[in-house]
Amino acid sequence: WEFNGSFYQPSAFLMMGIPGLEALHPWISIPFCALYLAALLGNCGILFIVRRTPSLHEPMYYFLSMLALTDLGLALCTLPTTLGLFWFNARRIAFDACLAQMYFIHILSFIESSVLLAMAFDRFVAISHPLRHAAILTERTVLKIGLAIVLRGTVSLLPIPFLLKRLTYCGRTELSHSFCFHPDIMNLACADIKVNVFYGMIVLLSTVGMDFVFIVLSYVLIIRTVVSLATKEECLKALNTCVSHICAVLLFFIPMVGLSMIHRFGKNVPPLVNTLVAYTYLIIPPALNPVIYSIKSTPIREALRRALCRKRG
């Protein structure tokens, strides 16, 4: 499509499900429903348990509540469009609604990255300076960290919708997923997108990229501390408190980096691979994080067991 320099903006975009499997969308929706249900129930359960259990009012579980709230938001952002497409073939999404969904998906992703960094810092302080842990991470400090995380994500991504609205689009309106993603929308434009690419990469590297570097640095320092412990039992006990967090970090960062690289550089990647990585990035972590923490965290398991016993009683 050629518009000879005239400004054109589509009224809506068309979302895509799983390419080549459109006839099976009603059946494919079953595992998606299970994952969304697990995400909603699991994260709401974590929030309920931490709120109702005074012994869990500690920095580690405050950060876990932030993670659960973020995962809940991510699930709710993509649930209407994904299940609407699979159940009713509702592919159309208005241009401004698409930008709003994209903005919140990216904000919540950046917030999750920052929360995982805060959790890594909490583990570092708890293992390296156990006697000063409560003094360093007070409730006021945790609250300030939470507000700073939200403010950083909101402000750093605020220009993105405006950068997309200034572009001229070429008439192509088909997105690659059942949700709106910045590189996906950007690639539909027929204008110069260098500013979008540059700003997107700068924001990604300065937020998620830096978060990942500091998470790795935190674990280097944790391992140094653990190695210096007197006995093997103490070493394993200290590392065991980090297993859930390490799993959450890998679940989040591996598909996120993969999806970003595919959209920017993977022109020859099969559409099915692109789709699977996208769904892994946005649906699997919110569904599995509560399960991981419930299995590995004894206080969470005990609080959950007591809550279930009270309901039965």
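Note that Cβ sites are derived from N, Cα and C of the backbone, with glycine treated the same way.
Copied from TrEMBL, the annotated features are:
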| type | residues | note |
| --- | --- | --- |
| TRANSMEM | 24-50 | transmembrane segment |
| DOMAIN | 42-293 | domain 'G-protein coupled receptors family 1 profile' |
| TRANSMEM | 62-88 | transmembrane segment |
| TRANSMEM | 100-121 | transmembrane segment |
| TRANSMEM | 142-164 | transmembrane segment |
| TRANSMEM | 197-223 | transmembrane segment |
| TRANSMEM | 235-256 | transmembrane segment |
| TRANSMEM | 276-295 | transmembrane segment |
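For the transmembrane segment (100-121), same-chain residues at least 6 beyond its ends with a Cβ under 8 Å from one of its own Cβ atoms are 60, 63-64, 66-67, 70-71, 73-74, 77-78, 81, 93, 145, 149-150, 152-154, 156-157, 160-161, 164, 179-182, 185, 207-208, 211-212, 214-215, 218-219, 245, 248-249, 252-253, 256, 282, 285. Predicted-model confidence for the domain 'G-protein coupled receptors family 1 profile' (42-293) is 91, expressed as mean pLDDT. Of the candidate ranges 24-50, 62-88, 197-223, 235-256, 276-295, 197-223 has the most C-beta pairs within less than 8 angstroms of the transmembrane segment (142-164).
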